[in-house]
Amino acid sequence: MSQTKTAKVRVTLFFILAGGVLAMVAVVTDHWAVLSPHLEHHNETCVAAHFGLWRICTTWVAMHNQDKNCDGTIPAGEKNCSYFRHFNPGESSEIFEFTTQKEYSISAAAIAIFSLGFIIIGSICAFLSFGNKRDYLLRPASMFYAFAGLCLIVSVEVMRQSVKRMIDSEDTVWIEYYYSWSFACACAGFTLLFLGGLFLLLFSLPRMPQNPWESCMDTESEH
């Protein structure tokens, strides 16, 4: 591999590494979306929540101002985090919580785990490619990185549908939401992994002969 291609491969791997770090941060954190109810009276207790792939954290905050939503009140108040429990306001949402939302959470988490697995396998191939005459390992590595990006964006879409289902359900108190920084990390990780994988594949492909006789000359030189 030429010096120019080697430099391009290393720069691409750096961006892929950044995408892998962002994917890991998104998977292990609980700030994919923030949910909040609409308050009819300013002195009510706000039950806000933020959640990720594995658990939801609900916060009870007493509202003493005229604002009828509890955006930005997540850090304060009494917080309760539980795994695969997307609603804690009361018993009426228990069935919905343990069936529909748990299925969404498990599906999104499983797909995200596949994404991390592809990242690990791709990194192993990329590391081994730095050995003597092992540039061909960059090609499967690039495919694994692209697959990791695709799995990550599928997980993002599953979570987006989960949030939409929460908001539309009559069994929950959530009517307002916004996507938080973990969601942004997942989207950025998808972009870096998928595009990085495609560029890595292009850079690792052998140079096509510009003239018909170049391939013949290469064959004769090998003998």
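Note that Cβ sites are derived from N, Cα and C of the backbone, with glycine treated the same way.
Remember, predicted model here, so these are calculated numbers, not experimental data.
Topologically, per Swiss-Prot, Ile56 is found on the same side of the membrane as Ser169. Of the listed cysteines (Cys57, Cys70), only Cys57 is recorded by Swiss-Prot as the disulfide partner of Cys81. Separation of the C-alpha atoms of Cys57 (disulfide bond) and Asn80 (N-linked glycosylation site): 5 Å, rounded to the nearest whole number. Using a Cβ-Cβ cut-off under 8 Å and counting only residues 6 or more beyond its ends in the same chain, the transmembrane segment (136-156) has close neighbours at 9, 16, 19-20, 23, 26, 53, 108-109, 111-112, 114-116, 118-119, 121-123, 125-126, 128-129, 183, 186-187, 189-198, 200-201, 203-205. Secondary structure of the topological domain 'Cytoplasmic' (131-135) per DSSP (helix as H, G, I; strand as E, B; remaining residues coil): 1 helix, 0 strand, 4 coil.
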